[in-house]
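Per Swiss-Prot, the features are as follows:
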type	residues	note
DISULFID	Cys48-Cys63	disulfide bond
DISULFID	Cys55-Cys72	disulfide bond
DISULFID	Cys62-Cys87	disulfide bond
DISULFID	Cys74-Cys85	disulfide bond
SIGNAL	1-20	signal peptide
Amino acid sequence: MKFVLLFGVLLVTLFSYSSAEMLDDFDQADEDELLSLIEKEEARAKECTPRFCDCSHDRHSCCRSELFKDVCTCFYPEGGDNEVCTCQQPKHLKYMEKAADKAKKFGGKIKKWFG
């Protein structure tokens, strides 16, 4: 049992270390291209609809979060006949972003420990 646990920990450590190295290689190779994409994204961000604001005028205008684009969700308030639409982030995408952030932080700690 101890061997299986030790092997599992070693496997997870090696996987996170190798994925951190691949991310570093990706960052160095495409730095110029990434900067141009960020500039375009900043220019486009001025036109998007922020989270929890009305998006009924353009249902595809919601802003992006760190990884995913927000979704225009429409509903009828209780006792009302008018449809209300707001930009919202689905819960499953919110949890995926949190998990990706924690994985990035953990990969950085592993890299710091092993040089």
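Just so you know, glycine gets a Cβ as well, placed from its N, Cα and C.
On the structure: features taken from Swiss-Prot.
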{"residue": "Cys48", "record": "disulfide bond", "contacts (Cβ under 8 Å, 6+ apart)": "Ser61, Cys62, Cys63, Arg64"}
{"residue": "Cys55", "record": "disulfide bond", "contacts (Cβ under 8 Å, 6+ apart)": "Thr49, Ser61, Cys62, Cys72, Cys85, Thr86, Cys87"}
{"residue": "Cys74", "record": "disulfide bond", "contacts (Cβ under 8 Å, 6+ apart)": "Ser56, Arg59, Glu83, Val84, Cys85"}
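Of all the Cβ atoms in the protein chains shown, 18 others lie within 10 Å of the Cβ of Cys63 (disulfide bond).
DSSP classifies Cys87 (disulfide bond) as strand under the three-state reduction. When the disulfide-bonded residues Cys62, Cys72 are compared by the number of other C-beta atoms lying within 10 angstroms of their own C-beta, Cys72 comes out lowest. In the three-state DSSP classification, Cys72 (disulfide bond) falls within a strand. Cβ neighbours within 10 Å of Cys85 (disulfide bond), excluding its own Cβ and spanning all shown chains: 18.
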